[in-house]
Amino acid sequence: MLKVEHLSKMYGNNRGIHDISFTLKPGKILGILGSNGSGKTTTFRILLGLLKQDQGMIFYENKPIDRTNTRLFGYLPEERSLLRDLRVHDQIFYLGRLKEMSTGELEEQIGYWLSYLDIAKYRNRKIAELSKGNQQKVQLACALVHQPDIYIFDEPLNGLDIENVTLFQQVIRKLQKNKKCIMISSHQYEVIEQFCDSVLYLKEGELLFQGKISSLKRASSSTRVIMNDTKIDRWIDEAGVCDYFYENGRLILYMNTLPAAEKLIRRAMKLGLDEYALALPSLSEIIQERIHE
Amino acid sequence: MNELIHFSLKRRFGNGAQILLNIILIVLIGCAVFADRIIDFINPDMLEPPTVYLADLDENVKEFLLSQNSTLFHFEEWKHQKAKGTSSYILEQQNTYTLKSQYKVEPAMKEALTAMIAQARQTAILNETQGQNEMLNAYITPITMKNQITDKQTNHNEQQSNMTFMVITGIYFMMISFATTVANEVVYEKATKTLELILTSVSARTHFISKIIVGWLVVLFQCLSICVYTGFWLLVRNFYDQGTGLLKVIDQLHLASISQRTFGSFLSSLSVHGDLLVKLMFVFLFLFAGILLIQLLMVIVSSFISNIEEAGNIQAPFYIIMLIVYYLAISLNTPYHLNEGIGYYFSFIPFLSMLFMPCRILQGSVSFYELGLSFFFACSAFFMLAKSGSHIYQKGVLDYSSKGLLHILRQLKNT
């Protein structure tokens, strides 16, 4: 389990991050969200040991993190970090050797991941010759080859087509099944919603909110009930109704909690309405709601 | 760290361009060692002194010039034969001396010829007035001046001076060649963002030290390879003709004043002994220490650079500084300056000592105590810079914001 407590970092007089705390259990996937300059990269750099925090502690398995263990973290950076004149095999080999892997083990893992990611045929090609998507897969292989316990994926779907997004999903599920701790950062909220169990949102270096996605949805006031009953008078005084509007002949009611919405659905059933539905808010809507609160 | 060093060296030496470069180097060194054979093949007359045909001259002057065994000119009587080559001249006398040539004669050549004619006339007058007038004889006798050196330690001769000049120039070019070798590697890793990934596996301090070691090994390997190639070709030349042709052509081209005609006799004339070998070893030690110091400085500065364009901008001032130091070393390359003047003090200052101390060593005017002291200063400067540089490097290496030289200097000062 990875535990981060009260992490803070200042850049001179500018605040990088302030009082960030979270926990990540094995087999769970945490989404790290935030606008540009919110402190995501700073958080990652501190976790990876690239920066030293001003305050706070990082624990892994209830012990302070051991920086001599080079194989603890696997990192997929947002920007391509490959030596373009190297061959695919040589690039992964080099980074694997830096992780103190033996040659035999490394060759085995390189062969495995190149096949898994469907880039084995590019093994002896130079990285510069590959497409953006395949370069991203090479970058991913570099993060996977040393079998770390904690993964940090920063914008992992950059340049990947729909097939490769599915492949990446398979990788994530595989890692999850192997009880690895996974952190994903992305501006594509649908990706986060698809992969992550929980999220934390940073704004200007501060932790705005965090929690399980399901819990956040339940507590959101953007839950909607959609029905084909146009008689608003029947519903407007119901507990939990914040707002309403009509669209294409349907009544859309905004509810302040999920239980209130569920109660409304049950009433709609009793009234014999033939069309009614519960629409949970998307992650994007939850974030917008939280930012404006 | 081993992996970092191994990877760097493999990329540097194990690529096609480097192999091709080594082949070209071997060929070029071979051509240089057999330069006389190549010149003979292309243009046999190139190294011969120009022929001066003597026409309508005073008999005494003509006789004198024909009797001269000059290395500058070859004198022949003009019998209206066809002039040999485009560099030959015809010298005739009507009211004044006229030198006819196809192209403009170099002023130095003209002055040398004028001096020879003047000497011929003086000799003729001397012969005419021999014993008749002592004062006249004394005034027209050609003047020769000898330099008697009172300081026995400074056994300064022209050969040593030339060698010192060649060594200084060699050191200077090595400095500018190797100065940014490793620094550019850091800039490249930063520009491609691979440095961040590398630093998740090794500490910035380890990365920094590995770059210094790589820099040193690169200098060592490249110097050794040049020594091996040169040694090989010199061995071949020695088997060929004991180096006679090569030494002759060096003398003819005025690259160095070498009167010996075989490698064996040349080496004997250098008076190689234990002392000299130790001093030569110190010359190389100072050279390496100086190059390492510059490389270290460049790596530290380069840690703040984010792209190749900035690198050129910021590294350029260092080249100018090294050029200034080089010209200082050339201009202060005299026994006085090196033993008592400002060159003496410069030979103890780290960075400057890599040029000035080898000068002093080659001039033969430095004690082992002074050598040791200067080397101690150079090493101390290196280690202190390495220690403080490690902290600066760690701060700068993950900073991708663009900045100019002034900003970097401010950062260095604040750190």
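For all residues, glycine too, the Cβ spot is worked out from N, Cα and C.
According to TrEMBL, the protein has these features:
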- B:95-379: domain 'ABC-2 type transporter transmembrane' (DOMAIN)
- B:20-39: transmembrane segment (TRANSMEM)
- B:165-187: transmembrane segment (TRANSMEM)
- B:208-236: transmembrane segment (TRANSMEM)
- B:280-305: transmembrane segment (TRANSMEM)
- B:317-336: transmembrane segment (TRANSMEM)
- B:342-361: transmembrane segment (TRANSMEM)
- B:368-386: transmembrane segment (TRANSMEM)
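Same-chain neighbours of the transmembrane segment (B:165-187): 8, 195, 211-212, 214-215, 218-219, 222-223, 256, 283, 287, 290-291, 294-295, 298-299, 301-303, 305-308, 310-311, 315, 318-319, 322, 326, 329-330, 333, 354-355, 358-359, 362, 397, counting only residues six or more beyond its ends whose CB sits under 8 Å from a CB of the stretch. Relative to the transmembrane segment (B:208-236), the listed stretch B:280-305 leads the set B:20-39, B:280-305, B:342-361, B:368-386 in CB pairs under 8 A. For the transmembrane segment (B:342-361), the partner stretch with the most Cβ pairs below 8 Å, chosen from B:20-39, B:280-305, B:368-386, is B:280-305.
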